[in-house]
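Peer 1: What follows is a structure written as structure tokens; I'll ask about it next.
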Amino acid sequence: MPYDPSSSEARWQKAWADADSFTAIRDERPKYYVLEMFPYPSGRIHMGHVRNYTMGDVVARFKRAQGFSVLHPMGWDAFGMPAENAAMEQGGHPRDWTYGNIATMREQLKPLGLSIDWSREFATCDDSYVAQQQALFLDFLDAGLITRKSAQVNWDPVDMTVLANEQVIDGKGWRSGAPVERKELTQWFFRISDYSEELLEALEGLTGWPDKVRLMQQNWIGKSRGLQFSFAATDASQGFDAIEVYTTRPDTLMGASFVALSPDHPIIRTLAAGRPEVADFCEECRRIGTTEEAIETAPKMGFDTGLTVRHPLDPEWQLPVWIANFVLMDYGTGAIFGSPAHDERDHEFATKYGLPIRATFGERGMDLAQADAMVAKAAYVPLKSEVVTYVRGFAGKTEQTGEAAVDAAIAHAEAEGYGKGVTKFRLRDWGISRQRYWGCPIPVVHCETCGTVPEAKENLPVLLPQDVSFDQPGNPLDRHPTWRQASCPKCGGKALRETDTMDTFVDSSWYYARFTSSRADTPTNRADADYWMNVDQYIGGIEHAILHLLYSRFFARAMVKTGHLPETAKEPFNALFTQGMVTHEIYMTRDTRGRPVYHLPEDVTDGKLADGTPVEVVPSAKMSKSKKNVVDPVNIVSSFGADTARWFMLSDSPPERDVEWTAAGAEAASKFLSRVYRLAEETRGGGEDPELTRAAHRAIADVTKSIEGFAFNKAVAKLYELANAVGKSGAGGEPRREVLRILAQLMAPMVPHLAEEVWSMAGGQGMVVDAGWPEPDPAMLEDDTVTLPIQINGKRRAEISVAKDMPKDQIEALVLADDTVQRFLDGATPKKLIVVPGRIVNVVA
RNA sequence: GCCCGAGUGGCGGAAUGGUAGACGCAGCGGAUUCAAAAUCCGCCGGAGCAAUCCAUGCCGGUUCGAGUCCGGCCUCGGGUACCA
């Protein structure tokens with residue numbers, strides 16, 4: 001009987017459900033918590049989901065087989081802008097759109113046969129999750145973890161609404177097309193910057209995380225040591241006494257040629273009030289938008305204020321004060337001094353505006369003239385660890401490293417009293433206020449007499465009103481007729497509700513903790529949290545390497561501080577794996593006006609459309625609806641079965657890299673699974689085949705190691721080898737069935753349905769899901785002889801087969817006697833003979 | 001711009017500093033078949049009759065030996081604080 005995935009997969013899924021196989025329970029087994037980043041309910045599942053959740057499922061089933069009590073939950077990251085956009089574009093309510101999508105996606109996910117404990121499922125927009133998140137907010141507020149301050153947002157002056165960065169395209173609002181302005185609003189912030197040092201230091205302990213992610217976070221937090229000091233105003237009539245600056249290169253102070261302030265600097269604001277041309281310039285700077293990328297890549301723009309300050313080391317030396325569009329108010333003091341010889345941005349700025357460029361140091365041994373000549377065209381920015389010659393130094397030695405010079409400069413400033421060494425972080429507080437409807441309301445009211453007052457816990461949850469419309473831009477909460485009316489929990493007087501909702505990163509910063517007890521009427525249940533935390537293996541996209549993971553690390557600390565998590569859960573994710581995307585070729589034709597028209601892969605055969613029109617093939621890119629290079633997992637599952645989709649997602653490409661979906665690859669996966677089924681179905685007479693048994697034990701060792709190392713593609717390759725070995729072997733009867741059962745066990749985490757079929761055909765007891773993980777017999781893994789390649793001058797020329805434990809001198813004798821070696825040596829004695837036991841021999845002639 | 005990655009046959013990829021190309025796809029040849037599909041077996045980086053030579057994005061370096069380590073580039077991808 002040929003293998004029929006559709007009936008088989010449904011049957012096994014029901015068997016697992018009936019046996020309650022995947023319900024996580026606290027028992028005497030050691031626990032293992034595996035979590036994949038939960039999905040945003042966009043509408044339908046895509047191949048990226050299949051890949052992500054299959055990887056997590058492999059880990060979950062593997063650990064379960066190894067005897068762990070596994071927690072493997074699923075939920076929905078359900079608040080966010082797309083639901084509001086859908087409501088604006090198609091009408092309807094974000095809630096209905098979201099829950100509709102969740103229902104669809106849940107039904108699409110279930111046929112994949114994932115070992116998920118569905119009883120713990122929740123969506124972040126559920127009233128119960130909102131309620132507990134608001135309770136956390138109030139606890140954090142109490143604990144001093146939250147503050148309110150002013151921040152800038154993108155403002156669309158036509159739609160009269162705040163725009164997200166992705167809604168600003170080339171400096172214009174995506175719907176109105178109006179040039180975006182910056183606007184200041186008072187916002188709620190989580191005080192993550194209080195934890196800068198701790199979040200940085202704790203990275204060292206995250207040994208289960210990829211180094212690249214730790215490095216990215218380290219750079220993001222951005223600890224720096226520098227000098228903070230003031231430039232005094234040349235005369236008091238300028239309207240300020242001094243400008244405070246921060247620099248990480250105080251050693252370049254003698255190369256200073258200007259002072260630059262952020263357009264948002266208080267001194268500039270004051271100045272702008274009286275000088276329209278200053279105000280105009282600042283307005284222009286603000287049109288760049290709020291993203292760091294836009295600000296950094298925009299052409300350098302400056303405005304000479306005419307103000308001047310004195311150099312701290314030479315009162316006679318006057319420096320001009322400029323406004324510069326690349327100086328950020330958020331970092332340091334919002335003011336810098338420009339040292340164009342040793343900073344590329346300053347160099348560009350100085351060149352553009354004709355400001356002097358004076359070298360502070362040059363390459364080792366250079367004199368002042370040489371150093372000045374070198375920096376005339378381009379900034380000289382060697383590594384700080386490199387020794388250079390200071391031609392305009394003022395502290396430390398003439399010949400020293402940048403590092404030493406910075407230390408000497410700080411010491412000099414402190415001794416002379418004009419500045420002090422300061423440690424700063426790039427990490428800023430986390431602004432969570434969003435002027436949008438579809439999010440968790442911030443549980444605060446604004447009272448006419450008491451000011452800003454937290455809502456009382458007994459009044460939670462503060463739920464979103466349902467009667468809202470999206471026919472006009474802006475936050476529907478602002479214009480709701482009654483929802484804002486509240487009474488002050490403090491004085492009972494009239495108050496207005498906060499209409500800002502929380503950043504959706506808040507929702508995803510603690511869902512992992514909520515899964516440990518997803519129905520509790522407090523944010524967590526401590527007994528459950530204590531048992532299940534931490535997440536032993538977290539899996540998700542590299543795009544979350546910084547923000548989501550950093551926020552979660554902060555949130556876990558905040559939950560520890562407020563008693564919702566045990567001290568040991570400060571770092572909530574013991575191990576992290578970041579997987580790559582699923583990509584596909586793009587098929588394109590052009591319309592009569594030459595504009596691209598995209599076509600779905602299922603409409604393209606052999607590079608042609610159904611009507612014979614050839615398509616242009618654009619190299620693989622991330623699957624996206626707009627490019628139509630999407631393959632719907634639902635179609636793959638219905639035509640090939642879930643196991644095929646799962647197997648293909650694990651084959652070939654290493655999990656951390658992107659994988660390209662190809663129809664041929666899917667078919668190959670399907671063919672292989674059918675072959676395994678046929679191998680199991682076939683009964684053969686005959687007996688032992690020691691070689692096959694050895695192959696099986698080698699496969700156990702290799703597959704175990706590969707799964708543990710997240711090298712699923714290598715595990716797949718080993719399983720191909722084992723299946724090939726079964727096909728070629730003359731083994732029969734029980735010895736053959738025993739190998740087939742090992743094959744079933746090893747394949748079970750990846751293709752669980754087929755594994756159950758093979759297990760049962762090969763005479764396995766019960767279900768393979770309960771069968772445990774096989775152990776290799778060490779005796780079967782040993783080889784008596786090894787093949788040693790012989791290199792001559794580093795090139796492989798011959799090989800010899802020797803006993804595994806043959807002593808070096810015997811090997812050397814064999815090598816020298818070898819024909820090829822003799823021929824190459826041509827009677828000469830080798831200069832050197834390198835024998836790496838068990839690996840290689842190199843003859844240096 | 002800045003930070004972090006990736007780049008190996010026609011394709012996806014494998015390789016504790018030690019035989020470059022495991023395993024798979026495609027292709028080619030064969031078996032089976034009236035024929036095809038499916039299946040099974042074999043070959044399969046390039047050049048060369050061969051000995052050999054060339055080959056891991058590019059340029060240099062360290063080493064007995066470099067895909068792997070170091071320096072400098074190029075291209076592509078992720079992030080850049082209100083996309084999730």
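Backbone N, Cα and C define each Cβ position, glycine as well.
The model shown is predicted, which means the values in this text are computed figures rather than measured ones.
These came from TrEMBL, pasted as-is:
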BINDING   A:Lys625  ATP binding site
DOMAIN    A:34-168  domain 'Methionyl/Leucyl tRNA synthetase'
DOMAIN    A:218-372  domain 'Leucyl-tRNA synthetase editing'
DOMAIN    A:427-584  domain 'Aminoacyl-tRNA synthetase class Ia'
DOMAIN    A:622-661  domain 'Aminoacyl-tRNA synthetase class Ia'
DOMAIN    A:692-809  domain 'Methionyl/Valyl/Leucyl/Isoleucyl-tRNA synthetase anticodon-binding'
MOTIF     A:39-49  motif ''HIGH' region'
MOTIF     A:622-626  motif ''KMSKS' region'
Peer 1: If you count every Cβ pair below 8 Å, which range out of A:34-168, A:427-584, A:622-661 shares the most with the domain 'Methionyl/Valyl/Leucyl/Isoleucyl-tRNA synthetase anticodon-binding' (A:692-809)?
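Peer 2: Result: A:34-168.
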Peer 1: What are the DSSP helix/strand/coil residue counts across the motif ''HIGH' region' (A:39-49)?
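Peer 2: Split by secondary structure, the motif ''HIGH' region' (A:39-49) comes out as 3 helix, 0 strand, 8 coil.
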Peer 1: Could you tell me how many residues in the domain 'Aminoacyl-tRNA synthetase class Ia' (A:622-661) are helical, how many are strand and how many are coil under DSSP?
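Peer 2: Helix, strand and coil residues of the domain 'Aminoacyl-tRNA synthetase class Ia' (A:622-661) number 17 helix, 3 strand, 20 coil.
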Peer 1: How do the residues of the domain 'Methionyl/Valyl/Leucyl/Isoleucyl-tRNA synthetase anticodon-binding' (A:692-809) split into helix, strand and coil according to DSSP?
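Peer 2: Taking the domain 'Methionyl/Valyl/Leucyl/Isoleucyl-tRNA synthetase anticodon-binding' (A:692-809) as a whole: 68 helix, 17 strand, 33 coil.
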